[in-house]
């Protein structure tokens, strides 16, 4: 029984990926499993976790053919489901524990599953297509294992000043987004507010750099610190690349990598610091499965590309970021330019990133348009340096001047999260400010968000053609006002701890905020 | 449970006889259901025949839980009950037997090893449900969106419908809200829709889900899938499950399962658990024979009766003196060895008294009233029946003497003594005489006609302290011209500031008062929607984990809802969605004042069942 072993595993988190089209015959059920964390759980336990998941997917389809099981809430655990690709399911099981602050918002957890899958797509393509290429699934499993473990691992402890806490394996234990993260929204992009003049310069910089590639279908993404300045990608691709950049490419991500330990270098010493089943050494990473799996474990496994690996990016002398993650051949020492898949066009793109101080410029060039591989890329880089490095300097200077620092988007008296669902944008109070809220307020907010999540998903299924319009102002037991407003694809969540007693005061505060910072989106006419 | 013993035999065996024909007409559907059942029984053994067609639909479902059931057993995981697998097998067999001939039915019928009263219950319903036209059914099939059907004011008809459906039929699957009771061995005990015997396989699946999670040291509470929620409640050997695509929150659905369980305890007492201790495969259905109507009317009340989620009761508005008079005569009999004396009109309390130190929980009152009102036999003659009040003492029977004084008003005298019938009959005659003499019964009838508080009548100015809701009682306030004209102005749009409706719950009294529905709540459908909105608000305000909130303002496309929870009372008010916040708040304050002004008439004072 999977659940009993969850209980014995004090960290209480399991994550699995399985394919319902595989292992249909009795005795071959193991074949369904594509990923399981922790990997050292007995197969029988893994199988029973997947058995329950599969059973409930089948059961719920009796009544709800259009949407199968999304969550199982048990007394002590939540099982959150996500159908990543047709018949390929991801399930995360978390233990609930009030004392340990293990209080979860289901949609928050599901977003984690979505995110890791989207990133996987970006680097490897769809799981289904990989399975079709390799029915034995040996290297798919290795890829998934390495990728997800890299995703889950952390290189530093959470700091309240961090803009985005994307990593979960914070030194001792997995820290999935809990009620404390209720004023954050995964799978959205945080933008820098840019003045008119700066915007024009940014535009011209983008034009110049993209023209250096000589290809019509190249794209770019410009970040200042961990904030997006400009993008020419589709919304989905923007989110994915932005997420990756903030994880591994921005100056903050690079410096964090330098100062911290690397489990690869420290080997077993590091792995003991991580409780429970961990990645340990690179060798065990690449061999998560026993031979009995029937996979013809080839050499290539240990050389699966690890785009999320830590400390593998650094800034080169010419300002371009370099990495040895991508290699020309297995085991060779020759690194090649990284490449990713665009979701929108399913096109493969080279990824070049240039960094100047706080500015990170990511350039995507279609692989098909570069004729002589690495040399072609080198030529493009040269062109960029020649034509755009000065412009980069100027843009960086301009943005730095206008930048209000870490607390730039703090609004005194408010703790807020603003989500623009249509444009996948979000803006929130800085984490350091959110951390001043009491636990009671955050719990009430998490609960309210859960309620709104259900209303939203309900509206989606009812599909009445109009979007959910909802306003909830609650005065919690601790007298804080916890507020949610959903209107025309925009969402506002707010906690007012210093508010006066009345509801009118609280609504007035929302109105002022809406008029001043949201162009009146949440104002009543 | 079918509605009567005779009907049970007939319909079941004919169902079995016609089984294969029906199956032939729906090969895919039945194949699917059979596949699951067979899997459950045989631990995923290969299934041939019509299973092929199902493979396409059910896709990978074959191993699912089925394989795992085997696994659990092999692993020797500690199981609270003995031999889970063999029971599932038996259910599988029972189903197979039913499919091949009707002998299985004979076995399932069994001998009702029950006391005589079970038979008495059997006579209470008379199969009103079978073949009934739908009328206003509160939880139509999802896709039926025809307002004509759901808006019709036709009275709700008690009893079970759609008996011929089972889990293979599409229409059964599309029911908006299913309720199931089953035993821990997977035997069906009650299903809101469909014939329990035909749902044996489905029931076994539910059991498998529950025990699978239980064996892992956890307890499944909720499964969510799209619009659907599957809510589980385990009460010892009794499992209760609700499958719903209504918008009700988990907490509400769980509360409804608790009430259904309470209703079952009211009929049988909790000592039924002992039967399961002696024999895990014990078949409970004969014990509940004929009580379909009781459950279906309770389930119906989940969509109109606020008492089901407020855990409070409501009183019929009456002049203070009138209610005093009724209370006095009830008090007399309470002093002569009656545990509780309750006078009710439909679901509203006229008066109630209890013996010293005995307290009556609002949920018990709800369940008792539901039991009495839904059983036809109580209406035709005086009755003396064993009942159990689950919140009072779930282990023991009390005896209820029930007599209707007129079509809607009934007296219930509860005692611990099984041979008190003649004494209680005397008590009743005394009470009836006094009530008739003091005109209480006619006042009750008048009050039923007049109704209660109406939002249009919400006073603009603070009333003099002697305010009354009941002008006809001679204490009425003078109605000013301006008030009259305002009333006209509000006609069709509710009360001042767009107030449409309110519910006020007094915490100390365990009582609530709800305003009458006035336009724009003309239809049952609109009323039900408002009821559900209140229910959602209640769940949102009363979170068990973080404690009750104090105030909530909620605006969506249908309403503005305001909720205010204090130590003394809770107010829920619904306004026009365009209502102004400031004036809505003012109006809420006025509603509270109004309620306080007329509390003598709308509440039963000085007799809170908890306060003795």
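Backbone N, Cα and C atoms are what each Cβ position is placed from, and that goes for glycine too.
If you look up TrEMBL, you'll see B:1-15, B:41-57, B:75-85, B:113-123 marked as compositional bias 'Low complexity'. Positions annotated as compositional bias 'Acidic residues' by TrEMBL: B:131-142. According to TrEMBL, the feature domain 'FUZ/MON1/HPS1 first Longin' maps to B:177-298. According to TrEMBL, the feature domain 'FUZ/MON1/HPS1 second Longin' maps to B:337-431. For B:498-598, the entry in TrEMBL reads domain 'FUZ/MON1/HPS1 third Longin'. TrEMBL lists B:1-152 with the feature region 'Disordered'.
In the domain 'FUZ/MON1/HPS1 third Longin' (B:498-598), the DSSP tally of helix, strand and coil residues is 36 helix, 34 strand, 31 coil. Summarised by DSSP class, the composition of the domain 'FUZ/MON1/HPS1 first Longin' (B:177-298) is 56 helix, 32 strand, 34 coil. Mean predicted confidence for the domain 'FUZ/MON1/HPS1 second Longin' (B:337-431): the pLDDT average there is 93. DSSP labels the residues of the domain 'FUZ/MON1/HPS1 second Longin' (B:337-431) in these numbers: 28 helix, 32 strand, 35 coil.
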